[in-house]
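Chemist: Reproduced below are the annotations present in Swiss-Prot:
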BINDING   238-245, 320-324, 382-385  GTP binding site
REGION    75-95  region 'Disordered'
């Protein structure tokens, strides 16, 4: 074979080898990229801590649906690119490995830090036990309300004097004129279209009418479940002496006992005892507390509490506000400011108005004024065990247009229960 033919054959062989190497490299890179994308697509997704659930206390928690906000884009026009100013100046001294002095290794033992004491949290008392206590504590209401009405309608055929007496009974029980008229109208209609001969018949009819008046289909869940990027925010408002701070503590106890991380905001900066009381609750139930100095700006404390909740990855932030009379315009404006400032950091999910069930008619004026200043989403009716006028529940819902979500039944840590219209009416009529 001639020398030229050998050279041509060798060149051809080299070209074939090079082509094979290039082709193999391309296939390898494509397969590697494919595997990377496959692993990314099959990786675990971020865990979602939300989702409606009913706590062991019987209180139902839910999540507020918020509109999706587009993520803010960072303007990179003025930022240095990767690698800018990263080169070492040419005149910098050069060091070899032998020039670098390494420190002698020392075994440093850090002192053992004491573990933070985890507060012991007692199990939540089942709601059934609290509802049994409610029935017992409403004995005075039963005598003044349920028995009186049942005695009037057992016969089925009421004259005008009986209807007037029935109306007076409803008004005395604090149902108010609007709810009273609604109940009277429903009773007239039911009596015309049904036969009521026994107390059992009367009880069944009255029970249906009263439950319907309480609008059982209203959403009574507490919107205290976290969002994807920030905790739920609850604002607790009301006048002095209604039990706001105690309600905040009891609600925190329920949330922590069910595995939620809770931050409390002591925005009542006018009364030092309020922050101290909330500190006691926080220590007792295992919540975190954000408080300011006495006389600090309440809106600033509320903002810091929400900021702390976001930074700490909390599930819910509950803000206790100062008690204020509805007649104090300046304090009511301050309440509006608190909500506006907090909203800059995160949306407010719930504004719960705490009302004293024993105040009767005066509470309705409070309801109207607070509803004008902040959008009330629900009511918490405290001291329900101490009133003989259970009809206030009907009137509050009528005046406020939002549901009674929780009721306070006493001073105990578990004396906070979900409001259930059917259970409440049964307690009135037993």
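Glycine residues also receive a Cβ, built from the backbone N, Cα and C atoms like all the rest.
Situate these features within the shown structure.
Modeler: DSSP gives residue 321 (GTP binding site) a strand state.
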Chemist: Reduce the DSSP letter at residue 238 (GTP binding site) to three states and note it down.
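Modeler: Coil, per DSSP.
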Chemist: Cβ-Cβ under 8 Å from residue 238 (GTP binding site), same chain, 6 or more residues apart: which ones?
Modeler: 244, 323, 353, 354, 355, 366, 370
Chemist: Using a 10 Å radius around its CB, how many other CB atoms surround residue 321 (GTP binding site)?
Modeler: 30
